[in-house]
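Asks: Copying in the features that Swiss-Prot gives for the protein in this structure:
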DOMAIN    42-71  domain '4Fe-4S ferredoxin-type 1'
BINDING   C51, C54, C57, C110  [4Fe-4S] cluster 1 binding site
BINDING   C61, C100, C103, C106  [4Fe-4S] cluster 2 binding site
DOMAIN    91-120  domain '4Fe-4S ferredoxin-type 2'
COMPBIAS  172-209  compositional bias 'Low complexity'
REGION    172-216  region 'Disordered'
Amino acid sequence: MAPIPGSGLAKGLAVTLRTMTKKTVTAQYPDAQPELPPRSRGVIGLFEENCTVCMLCARECPDWCIYIDSHKETVPPAAPGGRERSRNVLDRFAIDFSLCMYCGICIEVCPFDALFWSPEFEYAETDIHELTHERDKLREWMWTVPAPPALDPAAEEPKEIAAARKTAEKLAAAQAAAAQTDAAQAEAAQAEAAAEAGSAAEGAPDAAPKPQEGEA
C-alpha cells in the first residue's frame with residue numbers, strides 16, 4: 001500500500017506536540033552550572049614550589065605547547081667544609097591552551113607532582129594569544145584543584161607520607177637532643193661560674209687584717 005502523502009509530516013508533528021507538553025530538561029548554562037564528574041579535565045594548574053625544571057613535561061608533550069625558561073644558580077654548602085652545588089631556577093613556565101589537547105601526559109610524567117588537573121573550564125578568550133597562560137595564571141588555577149579522595153582505612157600508608165613522617169620524627173629528635181645539650185651546657189656554665197665565685201671569695205684577704213705582735 002502506498003504511503004499516504006504527508007503522513008511523515010504528521011508523525012513528526014505528533015512527536016513535537018508530545019514533547020512540547022513535557023518538562024524541559026535542558027540545563028540553561030551559564031545560569032545553571034553543570035555537575036562535573038570526578039577527574040574532569042578542565043585546565044592545568046602549576047605548583048611552582050615542586051618544579052625542578054627537569055623539562056620532562058615539555059619534552060613529552062605531543063603538542064609542544066609547554067614553554068619553560070630557566071637559569072642556574074650556585075648554592076652555598078649546607079654544612080662547613082661542604083661543596084657548592086648548582087640548581088635550576090624557574091624563569092618562565094607557560095602552557096598554550098590553544099594547542100593543548102588535554103591528553104594529560106605532562107601530569108603523568110611529572111616526577112615531582114608539580115602539575116595537576118583543575119575542573120575549571122571557563123577560560124574562553126576573544127584573543128587566541130590570551131590562551132597562553134604564564135606561571136602566575138597557572139598558579140591561580142592551582143587553588144581550584146580539588147583535594148584528593150580520602151584513603152581507604154585498610155590501605156597501606158603511602159611511601160611518601162611514611163618517608164615524610166620519618167624525616168619529621170628525626171628532625172624532632174635532633175632538635176630535642178640539641179635542646180638538651182644546650183640546657184646541659186648552660187647548667188655546667190652556671191655551676192662553673194658559681195665555683196669560680198666561691199674560690200674567689202675564699203682567696204680574698206679580710207677587710208680588716210689583724211695587728212701583728214709588737215704593734216700598738
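Cβ from N, Cα, C; glycine included.
Fair warning: this is a prediction, and the values are worked out from it, not measured in the lab.
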Asks: Using the structure shown, find which entry in C61, C103, C106 (the binding-site residues) has the sparsest Cβ neighbourhood within 10 Å.
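Replies: It is C103 that, of the binding-site residues C61, C103, C106, has the fewest other Cβ atoms within 10 Å.
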Asks: Closest to C57 ([4Fe-4S] cluster 1 binding site): which of the binding-site residues C100, C103, C106, going by Cα position?
Replies: C106
Asks: What are the helix, strand and coil residue counts for the domain '4Fe-4S ferredoxin-type 2' (91-120) according to DSSP?
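Replies: Computed counts for the domain '4Fe-4S ferredoxin-type 2' (91-120) are 5 helix, 10 strand, 15 coil.
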Asks: Fewest other Cβ atoms within 10 Å: which of the binding-site residues C51, C54, C57, C100, C110 wins that one? Let me know.
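Replies: Among the binding-site residues C51, C54, C57, C100, C110, the lowest count of other Cβ atoms within 10 Å belongs to C54.
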Asks: When the Cα of C61 ([4Fe-4S] cluster 2 binding site) is compared with the Cα of each of the binding-site residues C51, C54, C110, which one is closest?
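Replies: In terms of Cα distance, C61 ([4Fe-4S] cluster 2 binding site) lies closest to C110.
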Asks: Using the CB centroid of C61, C100, C103, C106 as the [4Fe-4S] cluster 2 site centre, which other residues of the same chain sit with their CB within 8 A?
Replies: I44, C57, E60, P62, D63, C65, I66, I95, M101, Y102, G104, I105
Asks: Rounded to a whole angstrom, what is the C-alpha distance between C110 ([4Fe-4S] cluster 1 binding site) and C100 ([4Fe-4S] cluster 2 binding site)?
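Replies: That comes out at 17 Å between the alpha carbons.
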Asks: Here's one to test understanding: among the binding-site residues C100, C103, C106, whose C-alpha is closest in space to the C-alpha of C51 ([4Fe-4S] cluster 1 binding site)?
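Replies: Checking each of C100, C103, C106 against C51 ([4Fe-4S] cluster 1 binding site), the shortest Cα distance is to C106.
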